[in-house]
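S.K.: Structure in structure tokens, see below.
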Amino acid sequence: MFFSLLLVLGLTEAEKIKICLQKQVNSSFSLHNGFGGNLYATEEKRMFELVKPKAGASVLNQSTWIGFGDSRTDKSNSAFPRSADVSAKTADKFRFLSGGSLMLSMFGPPGKVDYLYQGCGKHKVFYEGVNWSPHAAINCYRKNWTDIKLNFQKNIYELASQSHCMSLVNALDKTIPLQVTAGTAGNCNNSFLKNPALYTQEVKPSENKCGKENLAFFTLPTQFGTYECKLHLVASCYFIYDSKEVYNKRGCDNYFQVIYDSFGKVVGGLDNRVSPYTGNSGDTPTMQCDMLQLKPGRYSVRSSPRFLLMPERSYCFDMKEKGPVTAVQSIWGKGRESDYAVDQACLSTPGCMLIQKQKPYIGEADDHHGDQEMRELLSGLDYEARCISQSGWVNETSPFTEKYLLPPKFGRCPLAAKEESIPKIPDGLLIPTSGTDTTVTKPKSRIFGIDDLIIGVLFVAIVETGIGGYLLGSRKESGGGVTKESAEKGFEKIGNDIQILKSSINIAIEKLNDRISHDEQAIRDLTLEIENARSEALLGELGIIRALLVGNISIGLQESLWELASEITNRAGDLAVEVSPGCWIIDNNICDQSCQNFIFKFNETAPVPTIPPLDTKIDLQSDPFYWGSSLGLAITATISLAALVISGIAICRTK
């Protein structure tokens, strides 16, 4: 900050000179108006810059996430790191086995990898699924498993988003009173799935050729090892016959396979005694598996004679903590057929963020392992972000982004705003102007007047309901003042502004409330409306904060000048007489150039360091995990002022 000392003519005695502090402002300065004080500045900058989200996945906290993967996250692979799509650091966070997938472990088809997936984390990242795809050619009474896979993955993502821990339960307790044996199927590699298990009755020729109704029991545990189970994902499987004649080759009754809870309520299965057959002309039944979310307890299975499909496994969830879920597209490279069940499942599950490739999978180690695009999309897992969303992740602190971030999103996510709408604050060389509050006269020697804001640290908290409160602290009693009337006027203005902003938000919500239950698009529209309203409210409140900042900085600079004037008066003693605020008369014959340098230029030394760059911090805080609209909004603005902001003094003399 540069000021000059200017000699003013008009004194009767030539040996006496008048020296005054005088601010220097020219056309290169811009004027910034504030509450109670204004500033001239050589530069200006926006309170925040727009941030651009980075594509791909990231996490909010490195210590609270877990991944579930396969060979593409396998650090033990001999071809690692060329075979992986993640770094070594990220691979350590995954539970995996090459060739595995959650669905393979759920059903256990013969000849496939069977891995005990389990782990805990607030945020769960799933990069698996490709090992059960059309390329795997899994039959077992069903050639196309894509729709079952979609339903399975959707339920996994839904339950994972509500749980801290999850685990495969690979051996359910069961009771089968009838004499049955584990069955096999020729179209299932002369074996069968591990879940459900196929049991068949041995019917002797002399007995009823249809056999007896099957009745069996299985128990879903409340705990599996160290993992608590509040809810289980169970596959309820049954055969679908095209007609009664196809099943009734022995003249038996209709087909049924039904699961009951401990109260006798039907929870899953198929009963052709009350439900029609498909009516198609096929001769071979098809197996269908529905996904059930069941509480721990004892369940019974009843089926028509001859065949029994028995649940043997489940996935267990503790349902203790809600958190983000990220699903990564899992597809093969060239030459292998993939499905897009993971993509569809995630997109249809609230709270699930999908990471998708834009190009075909091209591996480095082979055609199917080590894709560069996927590595880039997953590189963010090495870092912590402030915000994660369907649009990408952000680690900058700015509360604004150019485009609306698509939900789901978690953390402290920026709001969409136009760059020109973000308020600007003064920067560079700052010079205060006179204040407006003339009712406060202490200290009397004030050079530039008194402002409506006091000196020191200004703390502004803005919460969901608007301005939450102010903490205004003065550096010292002589550091300026604020009248009760001016303070009340400032608070009244801010309060009115906030009420207007709140009213706009409420109107937007009311317009869409009556449509939400009938229109999914209305939900998305409401989310966008609320985001836009929050952005407008925040921009409006930042404008208020900007005005407070300008006024506070202005009064701080004015106090610095007053302190400088006081210091000059003290150093001068009897050699200079203060005739008006910031002006002195000195006898040139008594106090020569070296004397004046001591008084006014402090022997060419800087008595106080130059003011540092404006220290402003505005922290946008919202509910750590929200989908759609935020549950809260807070802004903290803290301003630190230097005690003195004079970097040099020039003395101009005229006789």
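Heads up, the Cβ atoms here are built off N, Cα and C, so glycines get one too.
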S.K.: Cys140 has a disulfide partner in Swiss-Prot; which of Cys120, Cys165, Cys188 is it?
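M.R.: Record-based pairing for Cys140: Cys188.
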S.K.: For the disulfide involving Cys165, grab the partner from Cys120, Cys210 as Swiss-Prot records it.
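M.R.: Disulfide mapping in Swiss-Prot sends Cys165 to Cys120.
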S.K.: Please list the DSSP helix, strand and coil residue counts for the region 'Esterase domain-2' (310-364).
M.R.: 7 helix, 15 strand, 33 coil
S.K.: Check Asn395 (N-linked glycosylation site) against DSSP and tell me helix, strand or coil, would you?
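M.R.: Note: Asn395 (N-linked glycosylation site) is coil by DSSP, not helix or strand.
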S.K.: Could you tell me which of these glycosylation sites, Asn61, Asn144, Asn189, Asn395, Asn552, has the greatest number of Cβ atoms within 10 Å of its own Cβ?
M.R.: Asn552
S.K.: I need the nearest neighbour of Asn395 (N-linked glycosylation site) among the recorded positions Asn61, Asp366, His369, Asn552, using C-alpha distances.
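M.R.: For Asn395 (N-linked glycosylation site), the spatially nearest of the recorded positions is Asn61.
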S.K.: Going by a 10 angstroms cut-off between Cβ atoms, which of the active-site residues Asp366, His369 has the sparsest surroundings?
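M.R.: Per-residue Cβ counts within 10 Å for the active-site residues Asp366, His369 bottom out at Asp366.
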S.K.: Tell me, what is the mean pLDDT of the region 'Esterase domain-2' (311-365)?
M.R.: 97
S.K.: Taking DSSP as the reference, which of helix, strand or coil describes Asn552 (N-linked glycosylation site)?
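M.R.: Helix, per DSSP.
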S.K.: Nearest to Asn552 (N-linked glycosylation site) in three-dimensional space, by Cα, is which of the recorded positions Asn61, Asn144, Asn189, Asp366, His369?
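M.R.: It is Asn61, whose Cα lies nearest.
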